[in-house]
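Some notes on the structure that comes next.
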Amino acid sequence: QFFLCSVYVPMCTEKINIPIGPCGGMCLSVKRRCEPVLKEFGFAWPESLNCSKFPPQNDHNHMCMEGPGDEEVPLPHKTPLQPGEECHSVGTNSDQYIWVKRSLNCVLKCGYDAGLYSRSAKEFTDIWMAVWASLCFISTAFTVLTFLIDSSRFSYPERPIIFLSMCYNIYSIAYIVRLTVGRERISCDFEEAAEPVLIQEGLKNTGCAIIFLLMYFFGMASSIWW
């Protein structure tokens, strides 16, 4: 509407002796969006609206109205008819991704029987992490309890070893809690799509956010104490 008004009812001012019409950029932007609709009904783009007739941009040589529409307006993304229709570009494992309408993105499926790795590999990883997390918890808990029994034995420069052990102890607890609660309850979002998907925004899941904060904070703290 703005474009048509600027063509047929251009702006006039006493300071300039010529009417000020639309810029070529706005014309091209409108043409890109409107010409396909016109063609569907058998109409061609009017010759009177030929974009080459209008100044390419508003400057000291040619005055024109840029107005809304010069910027490229993204077309709304179509909703796929079948899950994964829009995910072929991710590669050979496109069947393990699902289209999420809210984020307009392909997201990895979540669960023991979905995703990029097999169920056996995930179960082995759970056992591997459980063993090392348990050993870490037991060894660091022993060190911390030894300190609590007789704190005077550990003075500087040995004291940072205790703080390091405390950090690793809580760090291991984060792994143990995650293994106890379960992979799906921590890592999967059941409401985002038709199938469970891997969480992209941890704040949507309280358990995921807590585990992340424990691992991130105490992991960084342990590195600093090193």
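Just so you know, the numbers here start at 1 and follow the chain as drawn.
Cβ atoms are placed via backbone N, Cα and C, with glycine included.
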Of the candidates Cys5, Cys12, Cys51, Cys64, the one sharing a disulfide with Cys27 in TrEMBL = Cys51
According to the record in TrEMBL, which candidate from Cys23, Cys34, Cys87 pairs with Cys64 in a disulphide?
-> Cys23
For the domain 'FZ' (1-67), the number of residues DSSP places in helix, strand and coil | 30 helix, 10 strand, 27 coil
May I ask for the residues of the chain that lie six or more residues beyond the transmembrane segment (202-225) and have a Cβ under 8 Å from a Cβ within it?
-> 160, 163-164, 167-168, 170-171, 173-175, 177-178, 181, 185-187, 189
Could you round the CA separation between Cys23 (disulfide bond) and Cys51 (disulfide bond) to a whole angstrom and send it over?
-> 8
Could you list the residues of the same chain, at least six apart in sequence, whose Cβ is under 8 A from the Cβ of Cys51 (disulfide bond)?
-> Gly24, Cys27, Leu28, Lys31
